[in-house]
Amino acid sequence: MAIPVVVVGCAGQMGREVVKAVHAAPDMAVVGAVDRSHIDEDAGELAGIGPIDVPVTDNLEITCAMVAQERAPGVMVDFTHPRGLYDRVRSAIAYGIRPVVGTTGLPPEQIEELAEFADKASTGCIVAPNFAIGMILLQQACLRAAEYFDHVEIIELHHNRKADAPSGTALATAQMIGSTGKTFNVPEVDESELVAGARGGVTPGDIRIHSLRLPGLLAHQAVVFGGLGQSYTLRHDTTDRAAYMPGVLLAIRKVLGLKSLVYGLEKIL
Ligand SMILES: NC(=O)C1=CN([C@@H]2O[C@H](COP(=O)(O)OP(=O)(O)OC[C@H]3O[C@@H](n4cnc5c(N)ncnc54)[C@H](OP(=O)(O)O)[C@@H]3O)[C@@H](O)[C@H]2O)C=CC1
Ligand SMILES: O=C(O)C1=N[C@H](C(=O)O)C[C@H](O)C1
């Protein structure tokens, strides 16, 4: 039986790609498509694959109630905006629908609360700031480099339609490097910023993130380690949103077997 999938943000850049990928997957079916605009348009037409007989709606509640009636357990994939995301995830879980969340910018405390909610409901949920395998490999390589370098900064570069800064991926990368327990970036001089923000934003682990937003970019991240007489740069470039789809499809399959919230694609690989 095909996994029933609701795509929230189906008219967005990522949502259209998800509709296309889910429709092409032999073990899944798009059964609901939610967005704020393009109401009543066919989600397949919007995604450029022709009609799939799933009209776009702006009513997630009714869509969840409908999917809850399906014989197979459903999955909600959300690539939207952090505004209202907490409530959307809670709603889906309340209907027994497993959320797969790619939307970034949700505060850590809310992720924590959602984890408690999913736990109590014994319902799987996956939240991942990046579904591209190359980025996960970069983050893992960072942990190795962090053993040997005491200085590191992150530069993330994105298209200028991105709402949040820094990117969820950069924050997660900084958090991972910080979780080694090492102290990074002890200053060697008294620095002053002649232009506010010139040295980037400082994360709790004292790792700086520099965010660039430009048309012509998609999603890119460089992690630069510095040491005596050398620097080491790890860089990942996303050139097409199709890069995220194997990770999204994997999450849809894996979330059905979970009973709690899992944060990060690396945990389900
Ligand atoms: N985890 C990962 O691997 C990746 C995560 N992302 C994240 O995914 C999110 C979406 O990115 P992207 O597709 O580029 O953004 P887009 O702006 O292209 O798409 C978002 C879509 O969601 C809609 N939307 C916003 N709020 C709601 C809501 N409350 N209910 C239903 N639909 C809503 C938007 O409508 P409207 O235009 O009217 O606002 C828009 O159509 C971002 O948070 C981004 O950081 C992106 C790429 C990869
Ligand atoms: O908005 C995007 O495009 C992306 N957002 C995610 C993030 O904030 O990390 C993932 C990827 O960088 C693309």
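Using N, Cα and C of the backbone, Cβ positions are placed for all residues, glycine too.
Listed in TrEMBL:
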- His158: active site, proton donor/acceptor (ACT_SITE)
- Lys162: active site, proton donor (ACT_SITE)
- Gly9, Cys10, Ala11, Gly12, Gln13, Met14, Asp35, Gly102, Thr103, Thr104, Ala128, Pro129, Asn130, Phe131: NAD(+) binding site (BINDING)
- Arg36: NADP(+) binding site (BINDING)
- His159, Gly168, Thr169: (S)-2,3,4,5-tetrahydrodipicolinate binding site (BINDING)
- 3-131: domain 'Dihydrodipicolinate reductase N-terminal' (DOMAIN)
- 134-269: domain 'Dihydrodipicolinate reductase C-terminal' (DOMAIN)
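Site extent for NAD(+): the farthest pair of Cα atoms among Gly9, Cys10, Ala11, Gly12, Gln13, Met14, Asp35, Gly102, Thr103, Thr104, Ala128, Pro129, Asn130, Phe131 sits 21 Å apart. Within 10 Å of the C-beta atom of Gln13 (NAD(+) binding site) sit 12 other C-beta atoms, taking all shown protein chains into account. Helix, strand and coil content of the domain 'Dihydrodipicolinate reductase C-terminal' (134-269), in residues and according to DSSP, is 43 helix, 37 strand, 56 coil.
Mean pLDDT of the predicted structure over the domain 'Dihydrodipicolinate reductase C-terminal' (134-269): 97. Proximity of the binding-site residues Asp35, Thr103, Gly168 to ligand 2, judged by a Cβ distance under 6 angstroms to any of its atoms, singles out Gly168 in sequence order.
Gly9 (NAD(+) binding site) sits 8 Å from the residue listed as 'NADP(+) binding site', taking the Cα positions as reference.
For the pair the residue listed as 'NADP(+) binding site' and Ala128 (NAD(+) binding site), the Cα-Cα distance reads 23 Å. Of all Cβ atoms in the protein chains displayed, 22 besides its own lie within 10 Å of the Cβ of Asp35 (NAD(+) binding site). In the three-state DSSP classification, Gln13 (NAD(+) binding site) falls within a helix. With a cut-off of 6 Å between Cβ and the nearest atom of ligand 1, the recorded positions Gln13, Thr103, His158, His159, Thr169 reduce to Gln13, Thr103. Listed in sequence order, Gly9, Asp78, Phe79, Thr80, His81, Pro82, Leu85 are the same-chain residues at least 6 apart in sequence whose CB falls under 8 Å from the CB of Thr103 (NAD(+) binding site).
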